[in-house]
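Chemist: From Swiss-Prot, here are the annotated features:
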- 83, 182: heme b b562 binding site (BINDING)
- 97, 196: heme b b566 binding site (BINDING)
- 201: ubiquinone binding site (BINDING)
- 33-53: transmembrane segment (TRANSMEM)
- 77-98: transmembrane segment (TRANSMEM)
- 113-133: transmembrane segment (TRANSMEM)
- 178-198: transmembrane segment (TRANSMEM)
- 226-246: transmembrane segment (TRANSMEM)
- 288-308: transmembrane segment (TRANSMEM)
- 320-340: transmembrane segment (TRANSMEM)
- 347-367: transmembrane segment (TRANSMEM)
């Protein structure tokens, strides 16, 4: 009799995805981030569900309901901070996952990569709308500033903004719809993750060498299940340290002041994980130009398969490209720092330079370096 694991229509799918899945024998810890992101998504959905049970999406009571969760609900403070810092964890893992994809040439799996970029957009939208829900000062003004960017779209812009607001300013209607979207999007993300995995399992995983690994595969369970569990423990340790010792480390103190449409905070800035994009947005004096640069800074990821001119898939054996990638990482760190600074003399210039360098490295330097390395192979 065949094992139920292999014969049952539903369990069979799980078996082919997580148990008997043939995986390359040499994938490193950089391949742990996919499963960590899955765990993070589940954690966010569970904590979010419990928060939604006590939260009220109304401008008069939203801020108080969050306070009530933290003070009066059993372990409400823990659930709230797990959810808030879980988002930061999510983005750390997401950026590492994307970095891994760029370094090892995983973007050559076009379908998987493009679904991944769409996933990034969906997660960013979800995080932005979630930040609006506590209805603090930064929530309100962040929502006002970011939604206002859509007014830069020619002809339909102003109408579009009012349509999204549900009125002539960010108000009750905006908060209610943002809560609805923030609730539904993670489930859409979960469905997209399944498609992401479906496409990945069509081709099989990439590996650090960038070479075909069909001749040397091992079963996912127990080898990589145990390796993933180690990753979960590290992630949990980091997250719990953050939540239990410094829960407000990554937050903005302004968000502990209830939203006041009559008082603008001195520095409006998003959460840390959006600062690099915010810096790119601010570095262009023109509104529409800034919005385009902002969208392109993420959308540029879709161009990676086209910009890949090297004869080798992975960067493992390409030291010059490695240097460029690490320069890009450094540049992104500088952009993140600039995004959190006021719009004043040295920061404006640094931001503009870093933004230009960001696009220059990806669009010009990386492809030309790849061609040069191809030449060096013959030399």
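Yeah, the Cβs are placed from backbone N, Cα and C, and that goes for glycine too.
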Chemist: Specify the nearest of the binding-site residues 83, 182, 201 to residue 97 (heme b b566 binding site), where nearness means the distance between Cα atoms.
Modeler: 201
Chemist: If you count other Cβ atoms within 10 Å of each one's Cβ, which of the binding-site residues 182, 201 has the most?
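Modeler: Of the binding-site residues 182, 201, the most buried by Cβ count within 10 Å is 182.
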Chemist: Considering only the recorded stretches 33-53, 77-98, 178-198, 226-246, 347-367, state which has the highest number of Cβ pairs under 8 Å to the transmembrane segment (320-340).
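Modeler: Between the stretches 33-53, 77-98, 178-198, 226-246, 347-367, 347-367 has the largest tally.
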Chemist: For residue 83 (heme b b562 binding site), what residues in its own chain, 6 or more apart in sequence, show a Cβ-Cβ distance under 8 Å?
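Modeler: For residue 83 (heme b b562 binding site), the qualifying residues are 44, 47, 48, 51.
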Chemist: For residue 196 (heme b b566 binding site), which residues in the same chain are close in space, meaning a Cβ under 8 Å from its Cβ, but six or more apart along the sequence?
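Modeler: When sequence neighbours closer than 6 are ignored, residue 196 (heme b b566 binding site) has 112, 115, 116, 119 within Cβ distance under 8 Å.
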Chemist: Test of understanding: give the count of other CB atoms lying within 10 angstroms of the CB of residue 97 (heme b b566 binding site).
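Modeler: Result for residue 97 (heme b b566 binding site): 19 neighbouring Cβ atoms inside 10 Å.
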Chemist: Please figure out which one of 33-53, 77-98, 226-246 racks up the most CB pairs under 8 Å against the transmembrane segment (178-198).
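Modeler: Of the candidates 33-53, 77-98, 226-246, 33-53 scores highest.
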Chemist: With pairs 6 or more apart in sequence, are the transmembrane segment (33-53) and the transmembrane segment (226-246) linked by at least 3 Cβ pairs under 8 Å?
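Modeler: Answer yes: the transmembrane segment (33-53) meets the transmembrane segment (226-246) with 3 or more Cβ pairs below 8 Å.
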Chemist: Using C-alpha atoms only, work out the spacing between residue 201 (ubiquinone binding site) and residue 182 (heme b b562 binding site) and round it to an integer in Å.
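Modeler: For residue 201 (ubiquinone binding site) versus residue 182 (heme b b562 binding site), the Cα atoms are 29 Å apart.
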Chemist: Hey, which bits of the same chain come close to the transmembrane segment (77-98), Cβ under 8 Å, at least six residues off its ends?
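Modeler: Apart from its flanks, the transmembrane segment (77-98) reaches 30, 33-34, 36-37, 40-41, 43-44, 47-48, 50-51, 66, 69-71, 116, 120, 123, 127, 130, 235, 238-239, 242-243, 247, 250-251, 271-273, 301.
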